[in-house]
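**Q** There's a structure below that I have some questions on.
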């Protein structure tokens, strides 16, 4: 694998335009995370324009956190456009197992071959059709329990699947990696997982999706580690986290990334 | 009344899953407030899944801050589901007196017997049918002016009504309490009232609604007092407030709560 | 031109109720910016109530950042109501050149004679029908390139046009001004431009729109300059910026404003 830091450097130099169809909770923090990291986020989701905008974007992310019929249509049309144009697109199947409506939309998006799927263990297991315990946006399953489901999903889509948690697992069905960066305060700030999906999208532009995903996860987790120093709770942590995404250098990332290839 | 701190301890140990159908302005900060306090928030509002999700949730909160027809349907269906299942549900009648549309939806939700109603003085007065002066989300009436309206509402719904302001008033039609915790910077951060409604929802799970509401208000207000020390404005205040919700212990709350039963 | 600080003092004393139909990304930070500055923001956008609420508001802002058909209807109806009542209304044509849908809605709003239009160079050029390079919410054109388009727009609407960037340009077709306040970290926080539109709306109430716009831009930019001292990145910057909006005095503004009339 290439030097992890080079992925950050490449993303910052190209500042890719990433279209994000994401949930209402995540929109603001996701945009701030992406701006701080050096990407150019655009939140465009209306059915009247989403797929047209996908033609301008260099990557697309789709997050089903706050679904509705009009949005689901826009998601499907933008994913079709991305697939047709060879634009990388990332699926974030938030709480996909919680309701029948989510399972249905999740399955239809899955058929459009996402370049990367990023979710927690319960979400990846539910998307793969395995029994999962998570409700809402939280996971009730361990990353290790979802490895088989992740590999099966990756073989099915031909893409990359990332299961994030205390130690992340990334697979493209052939190559596997674990990323140990991160901090326990991260799940105490809402929508950081959603925001990570945007960073993955930005890293994939012009890069091998497996390597880009691994680098994005290490970058994000390391920023969490840096941010946690000296904070008192999730409030100060969130602020320091945005700063860390902005100040981290490629050299910091190359030095601090804790990646194990398997 | 039980030791106030025990309510915080109970909520943190059970980390209840609370479904929130809330307005766009509040979603992110409300989720962060609830996560910092130790609850498990889920923002699920689409008509296609809201009522189904209510079956999973341990409490439901409904906030009419940014209404639309599809959301109003989801609110009504989720409230019906909560009522049928005996799940506590909290109504936050944001700016209910401002437009005819809000008055209509507010009245229909009121008929579904909310476990707790939490609003400012103008909102509680408008919901009770009294003349109120508030426009938008601000109040133009004092808490004391709304006490009669609150008591009438509580008798009508059989639930608890909390009027929040510099000194909060809580009633279930029989028992009354005042909570004097809070800080003048709190109304300078948007959607903190909405976020408080989520904390009330989390506290009510498995507890007496009147006592839980009083404890939730004291917890929230005390966090505001703690946060205000040494800050320069609403920006630093908001950050310190999230930290205070996270770091406050049940002992801190028992010591700092300023509750008067009447 | 009056003393710039007096515009801030007037806005704070009157705390105008400003209705904002804005995008999902901006709602929370826009409300916090306006509350910190001393205005009274209300985010009311549902077609069922938007125009009715406009009757209560002292100013209206319309931002097309996250469009959909129901919202577009509400925007048009509220703008009609504002125009009929002589209520100042501000148009923020976010990414108006990016899709055909945006161009169409932008043109229809333009016909309703916004009191002030505030956008970046690419947006102002696209709205005026000139060739523009910007995609998404970022600009790819310099403020100086948009001066002619801005003047043409101002003459066409009879209103004020503000092109914001490193040095802002404001025109009403006759009077021109440049405002040099601001800081490079501001575009690294999402939706600060959108939030500025709310501040412009609050400043216009009861004031000459050209002078009010110039004062609002100087106030906002100076807060950015004050906030940037000692911060490490966009996270700490955003927090300090909210504080600066809250703590800045009219005297600070009069002293720090860097306005050139032309």
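Placed from the backbone N, Cα and C atoms, the Cβ positions cover glycine too.
Keep in mind that this is a model prediction, so the values were computed, not measured.
So TrEMBL has the following annotated:
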type	residues	note
BINDING	B:43, B:191	substrate binding site
BINDING	B:118, B:164	ATP binding site
**Q** What subset of the binding-site residues B:43, B:118, B:164, B:191 has a Cβ positioned less than 8 Å from a Cβ of chain C?
**A** B:191
**Q** Write out which of the listed binding-site residues, namely B:43, B:118, B:164, B:191, lie with a C-beta under 8 A from a C-beta of chain A, sequence order kept, or 'none'.
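**A** Qualifying residues, whose Cβ lies under 8 Å from chain A: B:43.
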**Q** To the nearest whole angstrom, what is the C-alpha distance linking residue B:43 (substrate binding site) and residue B:118 (ATP binding site)?
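**A** Cα-Cα, rounded: 19 Å.
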**Q** What Cα-Cα separation, expressed in whole Å, is found between residue B:191 (substrate binding site) and residue B:118 (ATP binding site)?
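**A** Spelling it out, the Cα of residue B:191 (substrate binding site) and the Cα of residue B:118 (ATP binding site) are 13 Å apart.
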**Q** Excluding near sequence neighbours, so keeping only residues 6 or more apart in the same chain, what lies with its CB under 8 A of residue B:164 (ATP binding site)?
**A** B:118, B:119, B:120, B:143, B:193, B:196, B:217
**Q** Counting across all protein chains shown, how many other Cβ atoms sit within 10 Å of the Cβ of residue B:118 (ATP binding site)?
**A** 31
**Q** If you count Cβ atoms within 10 Å of the Cβ of residue B:43 (substrate binding site), leaving out that atom itself, what do you get?
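**A** I get 25 for this one.
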**Q** At a 10 Å cut-off from the C-beta of residue B:191 (substrate binding site), count the other C-beta atoms across all protein chains.
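**A** Looking across every protein chain shown, the total is 27.
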